[in-house]
Amino acid sequence: MTPAALRRTLSTLFIGGGTPTVLDDLLLHQILTACADVFGFADDAEITLESNPESLVERDLDELRRYGVNRLSIGVQSFNTEELALLGRVHDAHQAERAVQVARRSGIDTISLDMMYGLPGQTTASWRDSLSRAIECSPEHLSIYQLSIDDKTPFFRLHRRGELHLPDEDQILAMDDITMELCTLAGFEQYEVSNFRQPGCGCRHNLVYWRNEEYLGCGAAAVSYLNGERCGRIADPRSYCELIEAGTSPVFSRERLDRQASFRETVIMGLRLNEGISDDRLDQRFGCRLQDIYGAELDTLSADGLLYRDGVRWRLTTRGRKLANVVMRELV
Amino acid sequence: MMNHIRNFSIIAHIDHGKSTLADRMIQLCDLVTAREFKDQLLDTMDIERERGITIKSQTICLPYTARDGNTYALNLVDTPGHVDFSYEVSRALASCEGALLLVDAAQGVEAQTLANLYLAMENDLVVIPVINKIDLPSAEPERVTFQIEEDLGLEADLIQMCSAKNGTGVAEILEAIVTHLPPPKGSIDAPLQARIFDATYDSYRGTVISCRIINGSVKQGDQIVLMSTGASHRVEEVGLFRLRKEPCKQLSAGEVGYILAGIKSVGDAKPGDTITLRDRPCAVPLAGFREVLPVVFSSLYPIAADDYEDLVAALEKLQLNDAALSFQKDSSAALGFGFRCGFLGLLHLEVVQERLEREFDISLILTVPSVRYRFTLTDQTEIMVDNPAHFPDPSKIARTEEPYIKASILIPERYMGAVMNLCMERRGENTNYHYPTPGRIEFTCELPLGEVIYDFYDRLKSITQGYGSFDYELLDYRSSDLVKLDILVNGEVVDALSQLVHRSNARERGLSACEQLKEEIPRQMFKIAIQAAIGTTIIARTNVSALRKDVTAKCYGGDITRKRKLLEKQKAGKKRMKTVGNVEIPQSAFLSVLKRDAD
Ligand SMILES: Nc1nc2c(ncn2[C@@H]2O[C@H](COP(=O)(O)OP(=O)(O)OP(=O)(O)O)[C@@H](O)[C@H]2O)c(=O)[nH]1
Ligand SMILES: [Mg+2]
């Protein structure tokens, strides 16, 4: 680790990627103490732990809270048992509800639920039901992801064979409407393509990514962005451990973008946020504004009703948020 | 001297292992170090290596010490197997005394096995049959031996068995070449008579002439004359084809080698032309090569209009190494300026497209391939049309004719019904068949060339599970009834998508073109109407629905680079699309309209 990185204090920490709650209390405690010793935490540091419902139930959450964990992100995905089985989750709807209640009672400040829609066999009615039950648990934060069929996943193979009955685009759009309706009614505000918060409860850690600011990553497959360089670590956990134990760097990919490419990246990441991107901020950071880099693209995208300008900010319109990739393909 | 030379080609159906056998021979003659070696060493072009096929014949001179203790110079020519490039085979054979005819031990005799054997016989060559791939578990050497005797009428006791893959039997083949193939004839003392069989362009050294010396000899400093033009040049270097060009003192009767003579343009050294000496010319030129005529035509347009000049330069350069390519200026309302090009077949067309894109970095659109039709107009003038854009006013057409071929298809008996059906779908006539050996059928059929240029071969392969093989020869022009099928995208005719089709097929082809385009044109933010029309009558229609959602759900710290690269790739892909009206049409869509649904 570079000395420069060591001089920074941590304002947010996110223990995630898989199921860190499989770590026992002692290990988690060691990680948190190590972070405190090496870097130190800011007074109001946000410390998130990612977890699955089944691993939460038998957990001593008070203990976690005492170590400093003040935000729990729970991978509920759905409150429909059939959908959960399809996703290969081991918990059922009932366990999911119990887990959230347990977490709620532990007194951890912020609870976020991960939910998924666009699942095989899902209907608008089942999505309405799942999301309502999530909201009834009164979390401060919701991450709501549309299922994406990536290459090499079992879903992808089924999909190619035409054996996956995914909701069609009309149904997806109807589910989006349900999401907006229920979230708004319950006082949630959308602040990123897939993220909703109660006032003041946005995930500060993830905002760093979307604002394309710097962060440090540790562990297999983790990525750092420090001093303008993005470093990826080897993904295989065993190899990662071997490299670390041998005293070798586990970093296997490095990327440093030139100023213009980095500007473009900042723009496309920033547009994911409802707050959009501020021309003033870009100017401070890169010494140029959107119009300096893009030409006719901005006019076309605005004319197509995908992008608009609001004072010093550029934002996606509601339509633009659904077609964000169309916009980003122009601006990348 | 000449007694220690053997000139031979390796000929076969596609993929029967010619280039692999050449590899083993090169290794047995110690011409290549282990470090330099790679599979199919003679397939040097990128596109050959990528597709695993030979496109151009390659010559190599192997020093071989035979069991009789003598060292022989074996001039081996590895030839392509695909039907589009059969002219390469006939040129190669013209400089040989013998040929190895390879037959895959599992596949047996196929259409190009026969076609290439006929070419060898036309050139009076001694043919050694070789059964290759005997290492395969599915190899049936006895059955193939029987086919070679029965189908091909060759003597069984000449047959060599080998596995080019693991080297079994290759040493015996080298011996057989020395003992069974005749040495070249000709006289070293006669005036120089050499036949050009290929010419390539080397940007440092100018034109490299590949030739076979029939009589006489040639060396550095000689003044040579190309007999078709009378142009004379001073020889800078002569040499042999080893792995690289290897200069030597002189080339003499019976030998194969190269000549560098400061010839600026490859066009000046025509394959088939005869080279002689200015100061002591031969009396008559050697017989030349039959001219190769293009049979498939398509227009090439650069996707970026400002690549036009580069395309001109690239085509001229490419033609230097590919004399079979012909082109002339063309223009399209939808696509701007481009070229109408003639090709020997669809594979040739694909090869040209790929070479232009790869070697010259130009992204291209190819329009629907067409054959050349003959129209007699009401005023009795006759015009040839290979471009749908030049389709005459239908009210002025007195008579329409299209080219026909005679297809010969070799298949196991069980596929007879399927193949017959395919030929009928493609307007086949005068079908005929016989059994060269029990269980196998040679099926012949007269077909309009226009019906086979696109996916006929692929369909044949698929309905015969890979067992069918196909060869054809051009027959004649026959009366036909054609209409021009136009495609409209959002109400605008895209001229580059028009095709000439037989009236009886028009509706079905229109429907299938619309369906194919629907698959190829990516959804855009508005609905796209696709229609097929004859004149002003719409005969088929479909829509590409509007894109209403396209957003990546998750993007966090570890995803940024990957997601950004994906977007960049898609952005680059968009540059390879042509915007017609306000619709972005990808490159692949232009050829897709000819595809028919494989039921
Ligand atoms: N098992 C086995 N495979 C072989 C043998 N000879 C060639 N092959 C394989 O057959 C395929 C085609 O071999 P090539 O040598 O490229 O065939 P070719 O006749 O030169 O093909 P074209 O030039 O395209 O006509 C390759 O995958 C070879 O590895 C053999 O003796 N045994
Ligand atoms: Mg080959």
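Backbone N, Cα and C define each Cβ position, glycine as well.
Look at TrEMBL and you will find B:Asp15, B:His16, B:Gly17, B:Lys18, B:Ser19, B:Thr20, B:Asn132, B:Lys133, B:Ile134, B:Asp135 tagged as GTP binding site. Note: B:Asn132 (GTP binding site) has non-local neighbours B:Ala12, B:His16, B:Gly17, B:Thr20, B:Leu21, B:Leu102, B:Val103, B:Asp104, B:Ala105, B:Cys162, B:Ser163, B:Ala164, i.e. same-chain residues 6+ apart with C-beta under 8 A of its own C-beta.
The domain 'Tr-type G' annotation in TrEMBL covers B:3-185.
Candidate binding-site residues: B:Asp15, B:Gly17, B:Ser19, B:Asn132, B:Ile134. Those with a Cβ under 6 Å from ligand 2, in sequence order, are B:Ser19. Look at B:Asn132 (GTP binding site): DSSP puts it in a strand. Annotation for B:Asp15 (GTP binding site): same-chain Cβ neighbours under 8 Å, separated by at least 6 residues, are B:Gly52, B:Ile53, B:Gly81, B:Asp104.
Every protein chain considered, the tally of other Cβ atoms within 10 Å of the Cβ of B:Gly17 (GTP binding site) stands at 25. In the vicinity of ligand 1, defined as a Cβ distance under 6 Å, the following of the binding-site residues B:Asp15, B:Gly17, B:Ile134 are placed: B:Asp15, B:Gly17.
For the recorded site, B:Ser19 (GTP binding site), the DSSP three-state label reads helix.
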